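Working notes for the structure below.
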Amino acid sequence: MLKLFSAFRKDKIWDFDGGIHPPEMKTQSNGTPLRQVPLAPRFVIPLKQHIGAEGELCVSVGDRVLRGQALTRGRGRMLPVHAPTSGTVIAIAPHSTAHPSALAELSVIIDADGEDRWIEREGWSDYRAHSREALIERIHQYGVAGLGGAGFPTGVKLQGGGDKITTLIINAAECEPYITADDRLMQDCAAQIVEGIRILAHILQPREVLIGIEDNKPQAISMLRAVLADAHDISLRVIPTKYPSGGAKQLTQILTGKQVPHGGRSSDIGVLMQNVGTAYAVKRAVVDGEPITERVVTLTGEAVSRPGNVWARLGTPVRHLLNDAGFCPSADQMVIMGGPLMGFTLPWLDVPVVKITNCLLAPSVTEMGAPQEEKSCIRCSACADACPADLLPQQLYWFSKGQQHDKATAHHIADCIECGACAWVCPSNIPLVQYFRQEKAEINAIRLEEKRAAEAKARFEARQARLEREKAARLARHKSAAVQPAAKDQDAIAAALARVKEKQAQATQPVVIQAGSLPDNSAVIAAREARKAQARAKQAAHPVADSAIPGDDPRKAAVEAAIARAKARKQEQQAGSEPAEPVDPRKAAVEAAIARAKARKQEQQAGSEPAEAVDPRKAAVEAAIARAKARKQEQQAGGEPAEAVDPRKAAVEAAIARAKARKQEQQTGSEPAEPVDPRKAAVEAAIARAKARKQEQQAGSEPAEPADPRKAAVAAAIARVQAKKAAQQQVVNED
């Protein structure tokens, strides 16, 4: 009983809802064998002949190509295309292709040389010796795609199936009227088709392989049964003729009883389907090593005098094929690529044959009938009864016409297979399929725009996040940079304090000076002698020109003479009235060093600077002021106790004085000489002498005030500065 049930289950077929029975019109073309078409002089090969992106070009204009040579590289879902014949690439430009709107796509245009030479072909006769991955890659690189109409890359489809495929279905139904390409291919090439099916089964390793064919193809059924007479791995299932039983979901339900869920694929239920033409192309790619460069195309219709099925090279213009079949166009002739229900009308005949082209229908006016006017929907539900996908075409029509995309999506418009059964039975002659195609295209465009917007938003948010991270990092760097200098300053302050403490500690140490001993200044003396020798060497290397020696400055000489006389008188008075003060060796050494430095500086200035003009008036004034201050200092006398002498500090100060003196020796300058007016100088000298006498009289009559040597020195310096400024102003006025 169980065996009987299994046998019944093995040969059982199911049915699907809906469907129609239009006139088949297949006898026009299925009675003649396949034939070759003469080569066209020019071929147009679109880069995209499948679902997915176009491949990357690997040829350029002017290249010579052979038949089967790859024109593009296939990576991922990109499927390569190959040259249909040998010739020369004359252009790579957009060209109208097989599309309802005749959209222009990038194409390679080849001028045939008539030789039709193949590339070197390498077949895998023992395909079982190769791995599954190698077979899939070969199928993909040889450009095999679904030849039943979808054009999905076969290699990608096989790769996606993986190990979850339990049933492999070969679609041989070919249910649409007029089309007999698969029927004729099964009659003439049944053995090659079965070999291709076994290659697919070897790759997928399914539990069962089923061939579904309609009962209106008796010759093809007999040929397949003859080839499968001794085969137990492939089952042939003959199904009733009903349109659209050749749809993937419908044939799956007929052969397995399983329904593909809404929005899903047949692989979700463990089923993978391939067309008989695809199986034949797989055999030629794997066993013969031939890329897909041609396919079977049905040429039919009453406008064609010699209908039949031909081997058409990919890229052949439609006009060339129809002319070879005896095309006799009428005034308003239409040409349909595909069948009368799922095909589309070509805007012109220069479009090329591609991988999904299975039929070229050229009907007469009487054959297609007069065009009828579209009327309003009467909601008769005939379209819903005929729909094989269990949809509501009348609702989808209203949603599509009203641009209600969300409702159309909710009513599963994506599951529409565009079979045309609803439009066939519509009494109002509404082209429902055209509305559904347009609505699905608009929905796809909206989804694509939403995807692009989401990607743009993601990029913007990523950019904003990156900018925020960079800003935070920049602020952190600024904060660390602001903290680091403070730490460095603290370190510097601490180091300075340490040095001060060290100096204070050294200063507090007692200095022991033995009686009658002198400080050891040998190191300082040696350094001084070395510097003197270095200075003498520099002077010898740079001798001073004798012509640059200027005359003495009478103003400075008078001031210094007056100061010297005042100091001399003061010393005489102190020597006569006060006891002698002890001599401070440190101060004496400092003063001597300063005197030597001044002397050297004057020598260098005399050697490098031009003589300055002497202002006798100001010189006399300064001399008188100096003499008055000297007399005041003479009248002042006092005594201060002698300070203790620190020999170490005296030596340090003497060394510092000598260093300053040498530094002043190295500095040189030059000032331009100012002109002297003898007449004005004599007048100013007389005025100065009068002022000096007046100051002497005032000094003799007024009581003497205590003199401050520091203020006297400051006053003398101010007098010298004013004298220089007055001389400069005089020169400006004279100019």
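Cβ coordinates come from backbone N, Cα and C, glycine included.
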In Swiss-Prot, [4Fe-4S] cluster 2 binding by Cys416, Cys419, Cys422 extends, among Cys380, Cys387, to Cys387
Note: Swiss-Prot has Cys377, Cys380, Cys383 binding [4Fe-4S] cluster 1, and from Cys328, Cys426 that site also includes Cys426
Cβ neighbour count (10 Å, all chains) around Cys377 ([4Fe-4S] cluster 1 binding site) is 17
Row Cys419 ([4Fe-4S] cluster 2 binding site), column other C-beta within 10 angstroms, all chains, value 26
In DSSP terms, the domain '4Fe-4S ferredoxin-type 1' (368-397) comprises 11 helix, 0 strand, 19 coil
For the binding-site residues Cys383, Cys422, the largest set of other C-beta atoms within 10 Å encircles the C-beta of Cys422
Lying 6 or more residues past either end of the domain '4Fe-4S ferredoxin-type 1' (368-397) yet within Cβ distance under 8 Å of it, the residues of that chain are 16-20, 244, 247, 249-250, 334, 340, 408, 411-413, 415-417, 419, 421-432, 435-436, 439
CB contacts under 8 angstroms to Cys426 ([4Fe-4S] cluster 1 binding site), restricted to the same chain and 6+ apart in sequence, sorted by sequence, are Ala382, Cys383, Leu432
